[in-house]
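Q: Take this structure, written in structure tokens, and hold onto it; I'll ask about it next.
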Number of protein chains: 4
Amino acid sequence: MRVGVLTGGGDCPGLNAVIRGVVRKGIQEYAYEFVGYRDGWRGPLEGDTIPLDIAAVRGILPRGGTILGSSRTNPLKAEDGVRRIKENLAKHEVDALIAIGGEDTLGVATALSGEYGIPCVGVPKTIDNDLSATDYTFGFDTAVGIATEAIDRLHTTAESHMRVLVVEVMGRHAGWIALHSGLAGGANVILIPEQRFEVDQVCKWVTSRFRATYAPIVVVAEGAMPKDGDAVLKDGTLDSFGHVRLSGVGEWLAKEIEARTGKEARTTVLGHVQRGGTPSAFDRWLATRFGLHAIEAVRDGDFGKMVALQGTNIVRVPISDATSKLKTVDPKLYEEAGVFFG
Amino acid sequence: MRVGVLTGGGDCPGLNAVIRGVVRKGIQEYAYEFVGYRDGWRGPLEGDTIPLDIAAVRGILPRGGTILGSSRTNPLKAEDGVRRIKENLAKHEVDALIAIGGEDTLGVATALSGEYGIPCVGVPKTIDNDLSATDYTFGFDTAVGIATEAIDRLHTTAESHMRVLVVEVMGRHAGWIALHSGLAGGANVILIPEQRFEVDQVCKWVTSRFRATYAPIVVVAEGAMPKDGDAVLKDGTLDSFGHVRLSGVGEWLAKEIEARTGKEARTTVLGHVQRGGTPSAFDRWLATRFGLHAIEAVRDGDFGKMVALQGTNIVRVPISDATSKLKTVDPKLYEEAGVFFG
Amino acid sequence: MRVGVLTGGGDCPGLNAVIRGVVRKGIQEYAYEFVGYRDGWRGPLEGDTIPLDIAAVRGILPRGGTILGSSRTNPLKAEDGVRRIKENLAKHEVDALIAIGGEDTLGVATALSGEYGIPCVGVPKTIDNDLSATDYTFGFDTAVGIATEAIDRLHTTAESHMRVLVVEVMGRHAGWIALHSGLAGGANVILIPEQRFEVDQVCKWVTSRFRATYAPIVVVAEGAMPKDGDAVLKDGTLDSFGHVRLSGVGEWLAKEIEARTGKEARTTVLGHVQRGGTPSAFDRWLATRFGLHAIEAVRDGDFGKMVALQGTNIVRVPISDATSKLKTVDPKLYEEAGVFFG
Amino acid sequence: MRVGVLTGGGDCPGLNAVIRGVVRKGIQEYAYEFVGYRDGWRGPLEGDTIPLDIAAVRGILPRGGTILGSSRTNPLKAEDGVRRIKENLAKHEVDALIAIGGEDTLGVATALSGEYGIPCVGVPKTIDNDLSATDYTFGFDTAVGIATEAIDRLHTTAESHMRVLVVEVMGRHAGWIALHSGLAGGANVILIPEQRFEVDQVCKWVTSRFRATYAPIVVVAEGAMPKDGDAVLKDGTLDSFGHVRLSGVGEWLAKEIEARTGKEARTTVLGHVQRGGTPSAFDRWLATRFGLHAIEAVRDGDFGKMVALQGTNIVRVPISDATSKLKTVDPKLYEEAGVFFG
């Protein structure tokens, strides 16, 4: 049995831990061989491989990034993409594929596995934690930890100065990182993409916080939008840097708060810092177990499935379950956090 | 409505986050008043209180320990214990109690709530993660993170020298911390209390590791015991420091490995370092939500219940569910980790 | 003997450690009494004090910020400022002042100590490390550590994607934080305020880095300016957010790099995160020793002096030595680091 | 010009940063070639080399350990050692050697450089910071940081329980790590090898601490000895594990304190955790600069010299200056710290 492995989409702490889990168990317990495909779906599409054995996965557990490289190549949009993949898999004598990735990568795996009969097992990956069918994805806990530590540090300054501190964290379509880090960091306002915010309400919270104690900390997901967001976009303020990559809401909000409350505001934009570095212990545990269970699914011939976390158990679900619907923040959870606003 | 709050047993990162969640929501949403009881059950037993309001819980979210203090006082073993507690609750006009603690503390809450009609809500706490009915307890993730970071650091030395490195971590009766940190840290041997180990097998793993790459790292729970443990105890080697508090197995094992393999071995004993300091983001999130849901249970008059984590949901279960049975490591999980041994 | 203590200017990890050192030694060894002045020079100007004894400094060693509060109040610019301070010191029976602060705070101390005969001892403080006469100021090591950790994390992403990563760090007038964190983090380009940079040169380094290995990391001090900075300011791009507080160069540079090289660029703006949180061990050591030696200077009646670090020794220098000249990055040091550019 | 590089003695965070600094500057600025010698002096003795070029040093800056490996081999004690080294250097066409190491490694470099005419440049390395002629050695700041973080964590437990917490840190002959981490961590007792301690005095401090506030933290260097240490050794208590490697004083002291004060005591033994993992930003800066200056000394033909830190400058001193005398803790510094005892 020869198994191909690839990682697609944005990088995420834990990818290497998955690869290591797959390879260690596959070789030691099942005597499988492995083929590493480079840069996501570009690897099988172009036949670009690297050796993947015990030596290749040594020492990679604590390392962020992915030794296989990544890309956003979509073979379904490439000419003759499926045929070329089939040919390459045949050439490399690969019997099954493990695809580690998010919505796009897994979407391809669903199609290949279903319509085209290529045996695929999926491993869900998204730092934003917005994939359905799994309680958590690896990388998310690491990102929340980094954002929380940043908020912790800001409290010090908040205590000594009369400034509003705005922290922009990741989350284009779902506010999980903002919600968890904001709650864990004791933020005074948390703004998520799922609910458009009113700047005036933010200013009220900010002002009431100043009265009660000291300077407020506002956590805002990069994808959060003001209620009057369209107007904002029209006059170009957000558009200039915000439209394409949805970043910049932090800086924009800080200026609005300054203008409306007369208080100085400062912005921290964590950016890619959140998706880098060594995975947290939780993410290593989750990613390692995902790897062990993915190769078990291969052994069982259980294709078209994805490993997922439910409670403390790793289960298998159809890959399509994960990608059919974005897992956004439950309004009740956001409301629950609201007791700490202001 | 006046609610008493107490924390019992060993300290654990996240206790203060629970207290803050309880008080913030209780005051802001339900207009309750609070009475802080000092040092676990000693507080209501002796009528020892401290003020517990919004000001008292300000800034405590990221702080380890407990602002209420803790103890192992068991009022059921004190003369007239129940009567004295009832009198004090009446004197302080306390209508309900929230007891945050482990097996012993919650055991008292079960009894008081059941036989004696004192309205109690429980919040489970154990750094060892060995309480049933909840997927995780707060403090555990923090402890695993600290132990994992220590193992990470040891890899450096292991790569440069030919030494066996033994790390003793917490876990008297359950090996959760050893299992999770050992897996997350890439340990070569993990020893847990649930399964007596053979020193010769450990030495075999150690020796094979030396042959394959470099120096091995052995993670051993403080409560792990060799198969010939009784003999060991009899000749006093472990007994001198091990019997009373079950520590010392790390140092003992290092010497055995040295004697049997001829390789130098070094020990790290993390001790209380694992239960101190700021809680991880995960633990703050979990503890805060436990607090919010505990006060909700009080409001619902749902006494004799304990909050618990199931998947990503906080649910309520009978307190007695948590304490009736120790949650030990599932043999299958331990076996799953075995692929990385040696 | 009664000694007043105040902290002025921006907050900086280690302020509390200084205060603790002063108070512990002053009370335990010299039996002095202390008066805490609130919010820098505003305290003695307006007679605003807080108690400062052993209990007040308990547990503050690891805490960022300052228990005394801070401000930028300049009593020399206040009407009758000096007279009011003298009156308040007399009223509080304060015999000497310890002023902990940067250029502005110490400038006032110099004047009060010199022209107006108010016995002052100074403790230098600047997170930017740009005060003369001392090898280092506390807070700097902490800031460098935080920035370095962020750069470390970005390497992961840089390895997996083809993006330019720009990190904006503190340093308006001096590039010490950029230089040290850039060198410690293995950045590919470091830009400091002391030397105007050419965007085209930056793009050359970026491009050559892509060819050699993977994505480049650019560390830029907030005060760094392009050679054509005036033009930039004129057309308003920088001016809109850069002029007032000299921030924004990171975001601006990322866009320029994108436009000129065709590579995607992402920005991280660490902001106040760098000056918050617990001080590093080095900073606690330095700040504690500054405190111990400052109170010793008071005991010796050695006023108009400031404590300073020279090698591993704490010495005393005239306060004016520290404030007469900004300590900027030695061009030779910057050149030395240049071997790692590109 | 071909330059050999070796690392000897115990591992220490920063070794790789030195190697990288040497190689990057040597190749890019001087067009030198390099030969890596494996495992300290064993490398040139046995002619064991590894390639050392730009690719070999890529990504090693933040990694602990040493890519060259290390050993305690002393070629002066090997038969024909010097002749064999000379032959191997000739065979590899090596014109100069850079030896990175502590007392032993540098002692060999002194002899080879002086009596035997082998051109050597030294780079001082000791995690204990006990080499003369340099303000600090790299690795020390990292070790102090790790120990301080551990002490920070213990404070939490100390605040909630009535236990004595003993932390054993590195330092066989010099107490620098104990002194710095004890001061930075706010320990209540610090015990160093330079001054034999009286257990009764320790117990007095411990007891007075309990009265004043809460549980005391005792930091003890592994090489610290009680005044009645000989007696202790005679009855074997320390001897059993302490004689050979001077560890175990922490566990021993905890038991003595328990016996004499009746208070529970717990021990943390950090062990090799202190010398592992990524170097601190300070250590990376220092190690990188040591590397840059060492290769500069080679270019200048300035052999028999060692790079050293004096203030913020890197200077060159005779290697023999570093090794002639152990740099122990100045009694005045220890006395200065004494204000925080008890």
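From the backbone N, Cα and C atoms, a Cβ is placed for every residue, glycine too.
Annotations in TrEMBL come from automatic prediction, not curation.
Quantities reported herein were computed from a predicted structural model and do not represent experimental measurements.
For reference, TrEMBL lists these features for the protein:
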- D:2-298: domain 'Phosphofructokinase' (DOMAIN)
- D:Gly10: diphosphate binding site (BINDING)
- D:Glu103: Mg(2+) binding site (BINDING)
- D:Asp104: site 'Important for catalytic activity and substrate specificity' (SITE)
- D:Lys125: site 'Important for catalytic activity' (SITE)
- D:Thr126, D:Ile127, D:Asp128, D:Arg163, D:Met170, D:Gly171, D:Arg172, D:Glu222, D:Arg266, D:His272, D:Val273, D:Gln274, D:Arg275: substrate binding site (BINDING)
- D:Asp128: active site, proton acceptor (ACT_SITE)
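I'd like these features described in context: how deep, what's nearby, how far apart.
A: Mean pLDDT for the domain 'Phosphofructokinase' (D:2-298) in this predicted model: 91.
Applying an 8 A CB threshold to same-chain residues 6+ apart, the list for D:Gly10 (diphosphate binding site) reads D:Ser70, D:Gly102, D:Ile127, D:Arg275.
Taking Cβ-Cβ distances under 8 Å and a sequence gap of 6 or more within the same chain, the neighbours of D:Glu103 (Mg(2+) binding site) are D:Gly9, D:Thr126, D:Leu131, D:Ala322, D:Thr323, D:Leu326. According to DSSP, D:Glu103 (Mg(2+) binding site) sits within a helical segment.
Here the Cβ of D:Asp104 (site 'Important for catalytic activity and substrate specificity') has 17 other Cβ atoms within 10 Å, regardless of which shown protein chain they belong to.
D:Lys125 (site 'Important for catalytic activity') falls within neither a helix nor a strand when secondary structure is assigned with DSSP, and so counts as coil. Proximity of D:Lys125 (site 'Important for catalytic activity') to non-local residues of its own chain (separation of 6 or more, Cβ distance below 8 Å) is seen for D:Thr7, D:Gly9, D:Cys12, D:Gly14, D:Leu15, D:Val18, D:Ile100, D:Gly101, D:Gly102, D:Thr105, D:Thr137, D:Phe138, D:Gly139, given in sequence order.
When secondary structure is read from DSSP and collapsed to three states, D:Arg275 (substrate binding site) falls in the helix class.
The number of other CB atoms found within 10 A of the CB of D:Asp128 (substrate binding site), across every protein chain shown, is 27.
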Q: Quick one: largest C-alpha distance among D:Thr126, D:Ile127, D:Asp128, D:Arg163, D:Met170, D:Gly171, D:Arg172, D:Glu222, D:Arg266, D:His272, D:Val273, D:Gln274, D:Arg275, binding substrate per the record, in angstrom?
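A: So the maximum pairwise Cα distance among the substrate binders is 34 Å.
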Q: Quick one: of D:Glu103, D:Asp104, D:Thr126, D:Arg172, which recorded positions have a CB closer than 8 A to some CB in chain B?
A: none
Q: Among all the protein chains here, how many other CB atoms are within 10 A of the CB of D:Arg275 (substrate binding site)?
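A: Around the Cβ of D:Arg275 (substrate binding site), 26 other Cβ atoms lie within 10 Å.
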Q: Within 10 Å of each Cβ, count the other Cβ atoms and name the one among the binding-site residues D:Arg172, D:Arg266 with the highest count.
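A: Answer by Cβ density within 10 Å: D:Arg266.
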Q: List, in sequence order, the same-chain residues at least six positions removed whose CB sits under 8 Å from that of D:Val273 (substrate binding site)?
A: D:Ile146
Q: Three states by DSSP: which one describes D:Arg172 (substrate binding site)?
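A: Coil, per DSSP.
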Q: From the Cα of D:Asp104 (site 'Important for catalytic activity and substrate specificity') across to the Cα of D:Arg266 (substrate binding site), what is the distance in angstrom?
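A: With the alpha carbons as reference points, the distance is 36 Å.
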Q: Using Cα coordinates, what distance in whole Å links D:Asp104 (site 'Important for catalytic activity and substrate specificity') and D:Asp128 (substrate binding site)?
A: 14
